[in-house]
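Asks: Just dropping this structure here.
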Amino acid sequence: MRIVYLLLPFILLLAQGAAGSSQALGRKSDCFRKNGFCAFLKCPYLTLISGKCSRFHLCCKRIWG
């Protein structure tokens, strides 16, 4: 029974961190507004990461316009 008291704060910290995690990700429309495009896992050559479209999709932007 003593371990429950030790685990409770840890569980509460995990729940608190997971509460706002979905808001941290951007959306496709935000990426397109920044003149970018969504790419799976990594951006192509001569592009930079400018954000996230979803968990596995990055928002990429071309280096030269």
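Cβ coordinates are placed from backbone N, Cα and C, and glycine is handled just like the others.
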Asks: Just choose from C38, C43 the cysteine that Swiss-Prot connects to C60 via a disulfide.
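Replies: That would be C43, the partner Swiss-Prot lists for C60.
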Asks: Hey, what's the Cβ neighbour count for C53 (disulfide bond) at 10 Å?
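Replies: Total other Cβ atoms inside 10 Å, all chains included: 22.
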Asks: Let me check the 10 A CB neighbour count of C31 (disulfide bond). How many other CB atoms are there?
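Replies: There are 23 such Cβ atoms around C31 (disulfide bond).
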Asks: For the C-alpha pair, I'd like the distance in angstrom between C43 (disulfide bond) and C31 (disulfide bond), rounded off.
Replies: 13
